[in-house]
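Here is the structure we will look at.
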Amino acid sequence: MFKDFFNRTKKKKYLTVQDSKNNDVPAGIMTKCPKCKKIMYTKELAENLNVCFNCDHHIALTAYKRIEAISDEGSFTEFDKGMTSANPLDFPSYLEKIEKDQQKTGLKEAVVTGTAQLDGMKFGVAVMDSRFRMGSMGSVIGEKICRIIDYCTENRLPFILFSASGGARMQEGIISLMQMGKTSVSLKRHSDAGLLYISYLTHPTTGGVSASFASVGDINLSEPKALIGFAGRRVIEQTINEKLPDDFQTAEFLLEHGQLDKVVHRNNMRQTLSEILKIHQEVTK
């Protein structure tokens, strides 16, 4: 037995040689749906306006992609592109976070504004981009939105605003909250001039944005399953000590309760806006 113990064969050692061929998929080629996890070609997904082929989930669009989808080619003129936030309250690390988001998104702030044409009809537009500070509303967002609204009022143009926001920007305190009233005043002047304001609420539209300019459109539209509300679901349940419906704060729930005029699939977004603008154009002739 001892002889066998000392004479047992040693296990052979093997060296694993990795295949020199690189099988990694280049970054950006594929996109995974955040809801159903299906992996799709990014190019094909973009051609479908970032709507998942499998579960129909509306994946976020960038501000410029949204504008491209609803406007005639080459018709968009951007306003106030270089406007950027200061740090009025000297909030720690605020400017560093702003700079980081600027590098990540290529934007100066969380809203893009300007004029464009849709089927030859000119309109003013503001599109929020939730990639930048979660679309939170600060002084620059309020100022840019007011400027484009005032331009539309002076030039008698309809105005379309796509909201996507987590609410007021806490780093700017009361200055951020002031934008709720400021934008509402500009919209009132636009309304008094007999002009059309279309509010298009996308996922998510919450907090101070939902409580101000996002909810006061002449026509309020939304995308399917968009989260729309003021306070969070958990906060409300704890406050009223009741269980809320499963579909609470969804676009469909708001439509059912009269707070939206229509829930529009993104593939029908351009056509729907064109039809509304044509009706307004005929009425105001």
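Numbering starts at 1 and runs along the chain as displayed.
Backbone N, Cα and C atoms are what each Cβ position is placed from, and that goes for glycine too.
Taken from Swiss-Prot, the feature Zn(2+) binding site covers C33, C36, C52, C55, and the record attributes it to sequence analysis. Under the heading domain 'CoA carboxyltransferase N-terminal', Swiss-Prot lists 29-285, citing sequence analysis as support. Annotation source Swiss-Prot lists zinc finger at 33-55, citing sequence analysis.
Shown in sequence order, P34, K35, K37, K38, F53, N54, D56, H57 are the same-chain residues outside C33, C36, C52, C55 whose Cβ sits within 8 Å of the Cβ centre of the Zn(2+) site. Most other Cβ atoms within 10 A: among the binding-site residues C36, C52, C55, that distinction falls to C52. The C-beta environment of C33 (Zn(2+) binding site), restricted to residues of the same chain at least 6 apart in sequence and closer than 8 Å, consists of I39, M40, C52, N54, C55, H57, I59.
Taken together, the residues in the domain 'CoA carboxyltransferase N-terminal' (29-285) have a mean pLDDT of 96 on the 0 to 100 scale. DSSP classifies C33 (Zn(2+) binding site) as coil under the three-state reduction.
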